[in-house]
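According to Swiss-Prot:
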- Lys22, Asn23: phosphoenolpyruvate binding site (BINDING)
- Arg94, Arg123, Pro124, Val125, Asp126, Leu127, Asp309, Ile331: UDP-N-acetyl-alpha-D-glucosamine binding site (BINDING)
- Cys118: 2-(S-cysteinyl)pyruvic acid O-phosphothioketal (MOD_RES)
- Cys118: active site, proton donor (ACT_SITE)
Amino acid sequence: MDSILVKGNGELRGQIPIAGAKNACLALMPATLLSDEPLTLTNAPRLSDIRTMTQLLQSLGAEVASLQGGQVLALSSHALTDHRADYDIVRKMRASILVLGPMLARDGHAVVSLPGGCAIGARPVDLHLKALEAMGAELDLRDGYIHAKAPAGGLKGARVVFPLVSVGATENALMAATLAKGTTVLENAAREPEIVDLARCLRRMGAQIEGEGSSIMTIQGVDRLGGATHPVVTDRIELGTYMLAPAICGGEVELLGGRIELVGAFCEKLDAAGISVEETERGLRVARRNGRVKAVDVMTEPFPGFPTDLQAQMMALLCTAEGTSVLEERIFENRFMHAPELIRMGARIEVHGGTATVTGVEKLRGAPVMATDLRASVSLILAGLAAEGETIVSRVYHLDRGYERVEEKLSACGAQIRRIPG
């Protein structure tokens with residue numbers, strides 16, 4: 001397996017282009033299953049998770065062509081040959097569950113393996129299933145698979161109240177509702193930009209949707225959806241990750257394609273820590289103000305709060321902050337697996353349940369460390385950029401699931417980083 005070698009060497013300066021959002025693209029791709037007309041996605045990220053979703057859709061009989069070096073995806077589901085999403089593919093990625101709603105809505109039946117993905121707590125799919133049951137679906141869980149069948153005449157509009165905010169469940173219910181008979185109201189729906197992006201794409205395909213970006217969405221089902229061309233929204237998690245690079249190392253970096261509204265709560269914490277964020281004509285410019293970074297407290301929340309997917313990277317910044325910071329993880333359990341690796345680099349971190357207390361040190365030290373999940377992997381790279389000596393991050397296949405060309409983007413700004421083939 002590949003690893004990444006990082007040498008801490010001072011300030012970063014330059015520009016980093018931000019890719020299309022992985023989490024948005026992974027929801028947009030299954031939307032092709034709702035229509036027999038082509039769907040074209042532009043600004044697509046080039047990631048292993050996208051390739052996994054491509055394999056899954058192709059296994060169902062969909063056509064997926066990667067164009068312009070992978071930045072354009074041309075999809076068509078005019079002739080599905082199968083409605084069974086097998087474990088061998090689904091186990092690789094949790095977003096695979098998003099084929100369930102579209103297949104059920106369009107063709108009335110689907111068999112989907114229970115999903116896999118990052119090892120971050122339980123992350124159950126029960127909210128997805130309850131939403132589909134509210135629309136009349138008959139579900140049977142056996143042998144590790146979800147066997148789903150729509151009632152005669154198809155899914156029916158319903159009032160769906162999510163007991164917890166769930167991005168994936170909102171996406172599955174939203175797609176299913178576009179072809180359901182009647183009106184569906186989603187209450188306590190997720191508000192993330194990726195939800196808004198999916199709704200806009202579905203509307204381009206002919207769906208009737210109101211309220212995206214709020215906690216209540218209303219969908220009037222239609223008889224059929226058509227084709228569309230849609231640009232994938234900017235990846236706010238990649239944006240936030242690279243904003244932390246000059247924050248940790250010093251210097252000044254412009255993030256091309258970045259927008260404040262995608263990372264508002266995150267920017268507030270950066271400002272409190274002593275990091276300057278300015279809008280430019282092409283994106284965002286980030287620089288550390290004079291002196292050492294200041295400690296801040298962070299609590300992860302659903303959008304528009306501080307994103308859980310930036311918690312690990314923020315911890316890397318706070319490891320060398322002046323003072324003590326408290327990070328409270330309120331979205332996923334077991335999401336501090338990067339903390340022991342940062343401790344190997346000299347960080348002072350104490351974890352008690354869903355809370356981590358970080359007491360800043362003057363300097364981290366390079367060390368061999370192991371990535372445990374996607375966001376943990378990049379947090380260790382960020383820590384390595386500011387550490388004395390060499391840091392070798394192993395198991396970076398996690399990294400390739402969510403970041404494209406990370407070593408190229410950072411080295412273009414002066415970082416000493418390279419991939420070591422495994």
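The backbone N, Cα and C atoms fix where each Cβ goes, glycine too.
Given the structure is predicted, the values throughout are model-derived calculations rather than measurements.
A gap of 16 Å separates the Cα atoms of Ile331 (UDP-N-acetyl-alpha-D-glucosamine binding site) and Asn23 (phosphoenolpyruvate binding site). When the Cα atoms are compared, Arg94 (UDP-N-acetyl-alpha-D-glucosamine binding site) and Asn23 (phosphoenolpyruvate binding site) turn out to be 11 Å apart. Mapped onto three states, the DSSP output places Val125 (UDP-N-acetyl-alpha-D-glucosamine binding site) in coil. On the backbone, the CA of Lys22 (phosphoenolpyruvate binding site) and the CA of Asp309 (UDP-N-acetyl-alpha-D-glucosamine binding site) stand 12 Å apart. In the structure shown, across all protein chains, Lys22 is the one of the binding-site residues Lys22, Arg94 with the greatest number of other Cβ atoms within 10 Å. Long-range C-beta contacts of Asn23 (phosphoenolpyruvate binding site), restricted to its own chain and to partners at least six residues apart, with a cutoff below 8 Å, comprise Ala95, Val167, Glu192, Glu194, Asp235, Ile237. Around the Cβ of Asp126 (UDP-N-acetyl-alpha-D-glucosamine binding site), 13 further Cβ atoms fall within 10 Å across all displayed protein chains. Under the DSSP three-state reduction, Lys22 (phosphoenolpyruvate binding site) is assigned to helix. According to DSSP, Asp309 (UDP-N-acetyl-alpha-D-glucosamine binding site) sits within a helical segment.
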